[in-house]
Amino acid sequence: MAAVGSGGSTATAGPGAVSAGALEPGTSSAAHRRLKYISLAVLVVQNASLILSIRYARTLPGDRFFATTAVVMAEVLKGLTCLLLLFAQKRGNVKHLVLFLHEAVLVQYMDTLKLAVPSLIYTLQNNLQYIAISNLPAATFQVTYQLKILTTALFSVLMLNRSLSRLQWASLLLLFTGVAIVQAQQAGGGGPRPLDQNPGVGLAAVVASCLSSGFAGVYFEKILKGSSGSVWLRNLQLGLFGTALGLVGLWWAEGTAVTHRGFFFGYTPAVWGVVLNQAFGGLLVAVVVKYADNILKGFATSLSIVLSTVASIRLFGFHVDPLFALGAGLVIGAVYLYSLPRGAAKAIASASAPTSGPCTHQQPPGQPPPPQLSSHHGDLSTEPFLPKSVLVK
């Protein structure tokens, strides 16, 4: 998984590495293009389906499952999946796997303990998502949850000394404005609301979830950059801590009720779908994101907002008014602008600036044209668009 770099984007070894695909035969290039669009489809479906499935499972009539048990089950399945992947990497040799895990988890215990912090935050974040989606329409949650881009960017600047372009700062302001409009529409919108839903609680939960996502994602990225452990090993360690911490949270919040009614109380096929999506969704994205760049991830998030909104209209009777459409449009535009590579951002900035006559250079006749920069994609280094938590959520 060395190809997965910071923020889940494709790692680049140098200027030539990005453009290497252009030098491959047409068949290889076409296959890579197909994989990119498959990645886009997978990201769109995963982003939208998780939110919609949680909303659907939490609003079904009848006995409601305990969200804390779903979080624990997702961590267990995620950890087992990573264990199987590591087992496959060791070519099915149990002895080699045991020795590897003993060395990586127990002998290097300080590295393992570093994962306790992001694991605690991710466990909290997953529980907050259930609270938020239970109290907000799926489309409203999907739009508001894009604040994680803002929090991730701010924590990246503070913790990793990362610099953002002026276009990215402008897109973050646009993002905040769009979310504020959507929340204003939610607060002032008419129409009956279910009695068991509290938009204020939902907003507080989604903001706390975005803050935790931003911090934990950047913290996890810092750990990955400072160590040689594989992504699957780190996810296994996170799964171990996540399971333990999730059980503690379950006992503290709903221990008596779970003991009385059972761990799997209220579980239906829809609930199992949520658990599987939460467990395997992030791991699936970790694989397919190898073939997708930041622009595709921006499109995926934007399209998932549209898909969530359309599905919410059909499934939950969600009403889209002009204020929501304006806010969602600003968020979609901000997501796309933020995900643009630096080269494209500079092109947009230069295109918007006035050009003067002396700056226009005419090539004298008879001389070969200067080398084109388009064959050198060194400027296509991108800032992380999604937090590293895309690998573990």
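Using N, Cα and C of the backbone, Cβ positions are placed for all residues, glycine too.
Because the structure is a prediction, the values reported are computed rather than measured.
For reference, Swiss-Prot has these:
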type	residues	note
REGION	353-393	region 'Disordered'
TRANSMEM	3-23	transmembrane segment
TRANSMEM	37-57	transmembrane segment
TRANSMEM	65-85	transmembrane segment
TRANSMEM	97-117	transmembrane segment
TRANSMEM	140-160	transmembrane segment
TRANSMEM	169-189	transmembrane segment
TRANSMEM	200-220	transmembrane segment
TRANSMEM	238-258	transmembrane segment
TRANSMEM	269-289	transmembrane segment
TRANSMEM	315-335	transmembrane segment
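Only sequence-distant pairs (6 or more apart) were considered; of these, fewer than three Cβ pairs between the transmembrane segment (169-189) and the transmembrane segment (97-117) are under 8 A, so the stretches are not in contact.
By the Cβ criterion (under 8 Å, sequence separation of 6 or more), the transmembrane segment (315-335) is not in contact with the transmembrane segment (65-85), since fewer than 3 such pairs are found.
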